[in-house]
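**Student:** One structure, pasted below without further comment.
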Amino acid sequence: MSADSAPQRILLVTGLLGAGKTTALRTLEDMGWEAIDNFPIRLLDRLLETEPGSARMEPGAPMAIGFDTRTRGFDPSRTIELVKKLSQRSDLQITTLFLDCAGTELERRYNETRRRHPMSEDKPAATGIAAERELLEPLRRWADVVITTTSFTTNDLQQAIRDQFGGEIATPTTITISSFGFSRGMPPLADLVFDMRFLANPHWVDDLRPQTGRDKAVGEYIRKDPAFDEAFERIRDLLLLLLPRYQEQGKAYVHIAFGCTGGRHRSVFMAEQIASALREAGFSPTLLHRNLSSRAADLLEGVKG
């Protein structure tokens, strides 16, 4: 590690079974961490010398490692001893997260999923939970961060993880803006769909019919519609409100679709204008026109108007 490079962030994630470890690790992975579950901590020093297995991970990327009482060779005392030793390295920043939860809530979760607690054998889940809590107590006392998930929903825990460990690691939301023709069906995976069929239709102007929403004359025609400016501004402002919120909530992908009858004029023009406005605001949307070159869409538009 050079003198200027930051130490690699290592987050050890443990806690009571059913308290949310899997959700925490998945959230961290969505945030750009390399996540590994059920890893024997005694092998941690060897793992740190291994190159990342994922092509998207850079050497030194933050790493989240999950382990619990089921992990092979689980031993709280040895884990604490090893981590204390590794924490002395200047190239590592190791944090331990412990996920806790009230016993009654854990019982409810086990009953709801109809799963048996691994330490309860033929006894009630409460017995296994109590034994596990006693075994984990040294780790709970030693952990840097304790999150109690008793009253949490899955979304609550995801947000708590982002708030606690987001820091400078912010994976931007991938934004796709598309145009389409309703006559060919709606895009099945769009998050937001805007219907542009209220705007004046260039299809009915002979000179504009063979052109598309990417041509200047078509754009000028659509802009003359008294409703265009206000509609554009309201849609733009709504997206500028929503997109940062989506990113804060960890939404990886947002697909914004604009539709008109054939998908060649009004929807194309609005999609182009909104994409340009979002780029000016600092976003990097990908722009797709599904039916732009479709002769069939043009024929259908002539039928439906």
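A Cβ is built for glycine as well, from the same backbone N, Cα and C atoms used for every other residue.
Under the heading ATP binding site, Swiss-Prot lists GLY15, LEU16, LEU17, GLY18, ALA19, GLY20, LYS21, THR22, citing sequence analysis as support. Look at Swiss-Prot and you will find ASP68, THR69, ARG70, THR71 tagged as GTP binding site.
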**Student:** How many other Cβ atoms sit within 10 Å of the Cβ of ARG70 (GTP binding site)?
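**Tutor:** Around the Cβ of ARG70 (GTP binding site), 11 other Cβ atoms lie within 10 Å.
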**Student:** Based on Cα coordinates, which of the following binding-site residues are within 10 Å of LYS21 (ATP binding site): ASP68, THR69, ARG70, THR71?
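**Tutor:** Near LYS21 (ATP binding site) by Cα: ASP68.
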**Student:** Inside 8 A of the center formed by the CB atoms of ASP68, THR69, ARG70, THR71, which other residues of the chain have their CB, for the recorded GTP site?
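**Tutor:** What remains near the Cβ centre is THR14, LEU17, ASN38, PHE67, PHE74, PRO118.
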**Student:** To the nearest whole angstrom, what is the C-alpha distance linking ALA19 (ATP binding site) and ASP68 (GTP binding site)?
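**Tutor:** Between the alpha carbons of ALA19 (ATP binding site) and ASP68 (GTP binding site) there are 11 Å.
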**Student:** Tell me which of the binding-site residues ASP68, THR69, ARG70, THR71 ends up closest to THR22 (ATP binding site) in space, Cα to Cα.
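**Tutor:** Closest by Cα: ASP68.
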**Student:** Checking the binding-site residues GLY15, LEU17, GLY18, GLY20, which are within 10 Å of ARG70 (GTP binding site) at the Cα level?
**Tutor:** LEU17
**Student:** Between the binding-site residues GLY15, GLY18, THR22, THR69, THR71, whose Cβ has more other Cβ atoms within 10 Å than any of the rest?
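**Tutor:** Within the set of binding-site residues, the most crowded position is GLY15.
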**Student:** Rounded to the nearest angstrom, how far is the Cα of ASP68 (GTP binding site) from the Cα of GLY18 (ATP binding site)?
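**Tutor:** GLY18 (ATP binding site) to ASP68 (GTP binding site), Cα-Cα distance: 11 Å.
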**Student:** Just to be sure I understand the packing, how many Cβ atoms besides its own are within 10 Å of the Cβ of ASP68 (GTP binding site)?
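**Tutor:** Excluding its own Cβ, the number within 10 Å is 21.
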**Student:** According to DSSP, does GLY15 (ATP binding site) fall in a helix, a strand, or coil?
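**Tutor:** SS state of GLY15 (ATP binding site) = strand.
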